[in-house]
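Participant: Let me begin by handing over the structure; questions about it come next.
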């Protein structure tokens, strides 16, 4: 059986005005686009490990949180500083959760690539493999920077409930 959650009148309020929220939307969109660009650049690096299924699949699955992050950013564009629970979950909360998923997937990709390097160290082009890892570290750094900015932008959200 599916549970149906009824609307209870709860709203989320951001601690600033529309103009500040508009600026934060732009910052969030810039980070989202930079995540996608770095992901595309990382994918274009043709490493020896890119022909290994246990390296390729985790990298390919990183596309899902990237896409949902972009979807959350798009959903946030039309919102006001006061929003319903569903709007908050489809935008601000989705962006946070998907950014964390990108971070976790990037760390998993680095670990798997390091294992690949250890197992196949005799016949590898280390420059390409290390550049792959460095680009993933750049992605991680961008996600961490966004996380710090996210806390400043959306850390003071207040929930007003009718219950």
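For all residues, glycine too, the Cβ spot is worked out from N, Cα and C.
Got these off TrEMBL a minute ago, pasting:
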TRANSMEM  26-47  transmembrane segment
TRANSMEM  53-79  transmembrane segment
TRANSMEM  100-120  transmembrane segment
TRANSMEM  126-146  transmembrane segment
Participant: Using a cut-off of under 8 Å between C-beta atoms, tell me which stretch among 26-47, 100-120, 126-146 contacts the transmembrane segment (53-79) the most.
Facilitator: 100-120
Participant: Under 8 Å between C-beta atoms and at least six residues away from its ends: which parts of the chain pack against the transmembrane segment (26-47)?
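Facilitator: Same-chain residues near the transmembrane segment (26-47) but 6 or more away: 59, 62-63, 66, 69-70, 73, 76-77, 95, 99, 102, 113, 125, 128-129, 131-132, 135-136, 138-139, 142-143, 145-146, 149-150, 153.
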Participant: Do any residues of this chain, six or more beyond the ends of the transmembrane segment (126-146), have a C-beta under 8 angstroms from a C-beta of it, and if so which?
Facilitator: 28, 31, 34-35, 38-39, 41-42, 45-50, 99-100, 102-103, 106-107, 109-110, 113-114, 116-117
